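What TrEMBL annotates here:
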type     : residues                       : note
DOMAIN   : 3-133                          : domain 'RecF/RecN/SMC N-terminal'
BINDING  : 32, 33, 34, 35, 36, 37, 38, 39 : ATP binding site
COILED   : 170-492                        : coiled coil
DOMAIN   : 262-1143                       : domain 'RecF/RecN/SMC N-terminal'
COILED   : 673-710                        : coiled coil
REGION   : 764-785                        : region 'Disordered'
COMPBIAS : 772-785                        : compositional bias 'Low complexity'
C-alpha cells in the first residue's frame, strides 16, 4: 500500500484546495521557514485521528481551520484527505477489496468532526483499526515531527515499549485484550446483577405464594358475591320495569290533557291575531289620515309663505329700478370725463416723441468718442503693470535671498550645536561596558552548569520515584492478596465454628452437666475417603460422650437422640484383621476402646463390586463396608444414601486446616504490610525531595534566564556603543564639510542681496510715475463712459414715458367702449324689471289658500271617527288576551305533570337497564333466575347476604388478583435465570481462557520482536555512527508490562546514560531505532520533519544512504533544509507563501528535470 495523494482544503495555511502528488519513494518538501511545510505533517497526523490540539501546535482543535489573512476570510471548515494505492493487495480486512483507499477527515467551526473511508462516514476508531500494527497512526513511529526524534530516544521505558509493540503488531492484540476484559467485566457485573435478581425473585416467589392463596379465596368469595348480586339485580330489574309501565300510563294521560288545552289555546290565539290585524289596519288608516292632514297643513303654510315672498319681491323690484336709473346716469358722466382725458393724452404723447429723438442723437455722438479713450487707457495700464511686475519680482527675489541667507546661518548654527552634542555623546560612551559584560557572562555560565547538574538530579529523582511507585503498587497488591486470603479464611473459620457450636447446642446434652464434654468425632482422625462410611456405621454414636459408668440419663428423656459409653472400659477382644475399619481411625485410648467395640467385624472394601465378589469370605459377625457407606454381609446388602452425616468430621478437619493456614499467613501479611509501608514512606520522601528539586530547578531556570538576558543585553549595549562611536566620528566629519559649504553659500547670497537692494528703489519710483499716468487715462475713460450711460438712461426714460402715454390712450378708449356697453345692459335690465312688476299678482294664491282651509276641516272630522273605531277594537282585543292567558297558565301544569311522569319512566328504565347490564356483565342466566322467581326463591334478603360476603372480601385486605399468573411467570423467569447464569459462567470461562491465550501470544510476539529490533539496532547504529554499539534492555520481568530502555556508546565514548549524548548523537541513535522498527515491520510510508537538522555533513551522508536503502520497501516523505538530503529526493515539493498567511505548492520531478536538461 502506497500514499499517492494528500489533499488539503482550509487546513491551517492551506486555505485553497491543494493536492500534493506523491508518485515516488523519496519525496522532499522544501521551502523557507514559516511557509507551512510542517503543516503537511500536521495534516497527516490530524487525518489519522490525532485528538490533542497541543500535538498539532494549537490551543484548541479549531486552530487547524484557516483563520484568515490580510485579504482572505476565515475558512468555514478544514478538510484533509489521504489517498492510498492498494494495488498490491497488502491491506486486509473489510477495505482490502478496494484498489484505492481514501481517508478523509473534516472539521467545521461548529466543532463537528467527521471521518470518511472511500466516501463512507465512519468512526475515528475505524481509522485507527485500519492501521493497527503498521506503525501508522497519530502517535505511531511512521510520523516523526520536529523534536520527536529526540523525544523517542529520551522517552520513558513504557513509552518506548509502545513503539516496540506497534512494530510487533501487538497493538491489535492489546485492543482485543482490552475489549475482552471489558466484556469479562460486563459479564461478571451481569452475573452479579443476575444473582441479585435471583435473590429478589426468590423473595417475590414467597410473597406471590401467599398472595396466590389469598387470590384463590378472593375468587371463591367473588363468585358467591356475583351469584347473590345476580338474584338481587334480577328482582330489582323486574321491579323497575313495573314502575316504568306505571309512569308511562300517567305520562299518556297528562299528554292528552295537555293536547286539549293546547287546541283551545290555539283557537283563542287565532282570534286574538285577527283582532290585532284589524287594530293594525285601523291604526294604518288613522296614520294615513294624520299624514294627509299634516300635508294639507304644510301646503297651507307654504302658500302663505309664497304670498309673503311676493310682497317682499315687489318691494325689491321697486328699489332695483331706482338703483338702475342712478347707475345709467353715473356711466354717462364718466364717459364724458374719459373723452376729455383722451384728448389730453394724445397731445402729451406727441411732445414725448420729439424729446426721444433729441436724446438718441446725443447718445450716438458720445459712443463714437469711447474707442479712442479706451485705447489710451489700455496702453497706460499695460506700462504700469509691467513696472509693477518687475518691482514685485525683485522684491520676491530679495526676500528669497534674505531667507536663504538666514537659513544658511541657522544651519551653520545647528551644525555647530550638533557637533558639540556628538562630542559629548562620544565622551559619554567611553566606559567599563566590556568588564560588565564579561562578569555577566561568567555568572550565566555558572548558573548554566548548576542547572545542568540540577537536571541530572531531577532525572534521577524522577526515575527513583517511578521505580518506587511500581514497587509500592506491587507491594500493595501482595499485601491486599494476603489480606483477602486471610479475611476469606477467617470468615470460613467463623462459619465453621458457628456450625460446630450450633450442632453442640441442639442436642441431647444441652443444659446438662455433660454439655461441656467433647463428642467422639472431636477425638478421632479419619481419612477423608472413609469419613462418609464411618458416619454411616456409627450414626449418632459420632456424638457419643465418654461418661462415668454410673451415669444416669435425665427423666423424662429428651426427644433428641444421644449416645454415651463407659470411659473406664478396657479392650478385651482379640486383634482385628488387617482390613478392619478400626485400622483406618486414629483415636485416644478411651475412644479407641469404644470404636473397637462398635466397629468390630467391619471390614473395608474398595468398592461395592469387590464386596459382592468376596462376601463368601466373610466369617460370622463380619461385613464389608465401602467408602460410600454400603454394608454387605453374608446374607444381604444395605445400600447407604449420603446424607451429610460426616459433616461434623469434615467441619472439624477444615477448621483445623484453616487455623494452621492462618498461623502461617498472618506473619506473611504483616511482613508484606511492613514492606508496603516502608516503600510508601520512601516514596513520600522521594516525592518531597523531587518537589524540592523541581522548585530549586525552576528557581535556577529563572535566574539563568535572567543572567543570560542580562549578559546578552550588556553585550548588545557594548556592541551598540562601539557602533555608535564609529557613526559619531563619521557624522562629525560630514558635519564639518556641510558647515564649510554652507559658509561659502552664505557669502554669495549676501552679495546678491545687496545688489537687489540697490536696484529695487529705482524700479519702484518708475512704477509709481507710470501708475499716476495710468490713473489719469482711466479717469478720462470713466467720465466718458458715465456720460454715455447718462444719455442712454435719459433716452430709456423718454421711451418708457412715450410707451406709457400710448398705453394710457388705449386704456381710455377701452374704458369708453366698456361704459357704452354697460349703459346698454342697464337700460335692458330696467325694461325687464318694469315688465316683471306689471305681471306679478297675488289674488290667485289667496283663492288657493281658502280651498286648503276647507279641506283641512273635512279631514279632521274623518280622523276623530277613525280614533273611536280603534279604541273599540283595542278593548275587545284585551278581553280576548285575558281569556288566552288563563288557558296558558293552566297548560304548564299539565306539561309539568307529563314531564314528571316521563322522567319517572326514564329513571325506571335506566335503573332497569342498569340492573340488566349488571346481569349481562356477570353473564347471568336470566332464564334460570326467572324460573327461580316463579318458584319463590327470590324472596331471600339478598342485600344482607351481599353485605356479609362483601365484609368477608374486605377482611382479606388488598388482594393481588394477578398473583397466580405472576407466580407462574416468576417460576418461569427463575428457570430462565438459572439457564442464563450457566451461560454467563461458561462465557466467563471462555473469556478468561481468551485473555490467557492473548497474553501468551502477546508475550511470544513481543519477545520475538524485541530480539529482532535489538539485533537491527545493533546493526544500524554502527552504520550511522561509523562504529560504536547500542542495544535494547527490558525494565522489569513481566513481558506484558516490562518497559524498554536503550543503551548507546558512540565510537570512542563510554557513556553511562543516553542523556549524556549530544543532540546529533541522540538523533542518530533514535534514527537507528526507528529504522530498525521499519526494517522489521515496514510502514506504508514514513514522514520525517527536519530530523536531519542536528546532523553534520558526514552523518547526513550516512543518513541519506540508509534512507535510500530502506526506500525500496517504504515510501519516504520528508521535510529538510539540508542540501545533501534534498539531493537524495526523486521529487521536490516546494511550499511558498508569496501571499502572507497562504501556502501554495510547487512540485518538481527531479528525474524528469534531469532528462530535459540532458535533452537540451
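Any Cβ shown, glycine's included, is placed from N, Cα and C.
Known features from TrEMBL, placed on the structure.
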residue	record	contacts (Cβ under 8 Å, 6+ apart)
32	ATP binding site	1137
33	ATP binding site	none
34	ATP binding site	1137
35	ATP binding site	13, 1135, 1136, 1137, 1143
36	ATP binding site	12, 13, 14, 1135, 1137, 1143
37	ATP binding site	29, 30, 31, 1089, 1119, 1135
39	ATP binding site	8, 11, 12, 13, 14, 1143
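Taking H, G and I as helix, E and B as strand and the rest as coil, DSSP gives the domain 'RecF/RecN/SMC N-terminal' (3-133) the counts 24 helix, 45 strand, 62 coil.
For the coiled coil (673-710), the residues of the chain that approach it from at least six positions outside its boundaries are 440, 443-444, 447-448, 450-451, 454-455, 457-458, 461-462, 464-465, 468-469, 471-472, 475-476, 478-479, judged by C-beta separation under 8 angstroms. Within 10 Å of the Cβ of residue 38 (ATP binding site) there are 19 other Cβ atoms, across all protein chains. Of the chain residues outside the ATP site list 32, 33, 34, 35, 36, 37, 38, 39, 13, 31, 1135, 1137, 1143 have their Cβ within 8 Å of the site's Cβ mean position. Mean pLDDT for the coiled coil (673-710) in the predicted structure: 80.
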